[in-house]
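A.B. asks: Below are the structure tokens for one structure; questions will follow.
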Amino acid sequence: MPAHMLQEISSSYTTTTTITEPPSGNLQNGREKMKKVPLYLEEDIRPEMREDIHDPSYQDEEGPPPKLEYVWRNIILMALLHVGALYGITLIPSSKVYTLLWGIFYYLISALGITAGAHRLWSHRTYKARLPLRIFLIIANTMAFQNDVYEWARDHRAHHKFSETHADPHNSRRGFFFSHVGWLLVRKHPAVKEKGGKLDMSDLKAEKLVMFQRRYYKPGLLLMCFILPTLVPWYCWGETFLHSLFVSTFLRYTLVLNATWLVNSAAHLYGYRPYDKNIQSRENILVSLGAVGEGFHNYHHAFPYDYSASEYRWHINFTTFFIDCMAALGLAYDRKKVSKAAVLARIKRTGDGSHKSS
């Protein structure tokens, strides 16, 4: 792939910023520079944002990893939550239809708070959102209860920059269970604290809405993740409190959590690597179904600045559909999308041969 790429930006707020190849006159110059420019610096179209670009210069120190320090509070609470979710499954046949629809609705909205909000907007800056959309996404993110946006984005940027090392919060080289949920049940590796603490998070520190959520996160999550989804079915259509709590709240919350976690575990262990065979992330359609579009993970790690997190936009990608709808309403803009030429060049250079164009 050429070392330099140009942006085509229209004055319209609904435009998509596209990475394109340089004019033909620059091809030879581009090839010469390719020899000098590291792969991880070639392709970013956000000069103001580099904290999520993989840094291959960082390597784990030799020697045995530190002993795991279990966080028993998290272990007990997570176990109880999953037991509650299993009981919720048994209550599904006797639940009211409105309760099930409410659970699905709450699942989708809270999932968007992670995918369109914490992930594609605030972690990667792949598009921009006007205030009404940012307010919606911060509320949806609070509904999901997966840490506040600031902490989620810091961990995720570290995951990309130091992927598959001890500085990666959910390093998949430590196994499926660790990358899925185990990383939340133990103290963070010292490298995660060290490297994560050095990341530039000034963009989020400067965003008042993100800092407001962080300041009031505990009461916010109690209201939006637990109290509201339980009270609405109970009060509005006479569902039993038991069904409201265990189906609408515990089961729904557990499903959203595991859908997100599968991106960290299954999508780093199972699937093809059509864009870059040198990284662990994979294309996993089943993960995309549950995580509303986040399973095209080899593409996402190859091009973390693409707002679609996929080559194919709406294909099994409800999050991209949502962002495009918001763009049509004028609430999302400056959506960054990698050009077809750039994608094909990357496939040819580093793909595993599984792409249909190969």
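Even glycines carry a Cβ here, placed using N, Cα and C.
Keep in mind that this is a model prediction, so the values were computed, not measured.
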A.B. asks: Which stretch does Swiss-Prot mark as motif 'Histidine box-1', out of 41-46, 119-124, 239-244?
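C.D. replies: Of the candidate stretches, Swiss-Prot labels 119-124 as motif 'Histidine box-1'.
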A.B. asks: Go through the topological domain entries in Swiss-Prot and note whether Pro56 and Val149 share a side of the membrane.
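C.D. replies: Yes - Swiss-Prot names the same topological domain for Pro56 as for Val149.
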A.B. asks: Swiss-Prot records His159, His297, His301 as Fe cation 2-binding residues. Which of His180, His268, His315 is assigned to the same site?
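C.D. replies: For Fe cation 2, Swiss-Prot names His159, His297, His301; of His180, His268, His315, the listed one is His268.
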A.B. asks: Besides His119, His124, His156, His160, which of His300, His355 does Swiss-Prot list for that Fe cation 1 site?
C.D. replies: His300
A.B. asks: For the topological domain 'Cytoplasmic' (263-358), report the average pLDDT of the model, please.
C.D. replies: 95
A.B. asks: Given the binding-site residues His159, His268, His301, and counting only Cβ atoms in the protein chains shown, which has the most within 10 Å of its Cβ?
C.D. replies: His268
A.B. asks: Here are some binding-site residues: Lys188, His297. Which one has the most Cβ atoms within 10 Å of its Cβ?
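C.D. replies: Result for the most crowded candidate: His297.
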A.B. asks: Need the DSSP three-state call for His159 (Fe cation 2 binding site) to compare against my parser.
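C.D. replies: Assignment for His159 (Fe cation 2 binding site) reads helix.
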A.B. asks: Determine which residues of the same chain, besides His119, His124, His156, His160, His300, have their CB within 8 A of the center of the CB atoms at the recorded Fe cation 1 site, and list them by sequence.
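C.D. replies: Here the nearby residues are Asp52, Arg120, Ser123, Arg157, His159, Pro304, Ala309.
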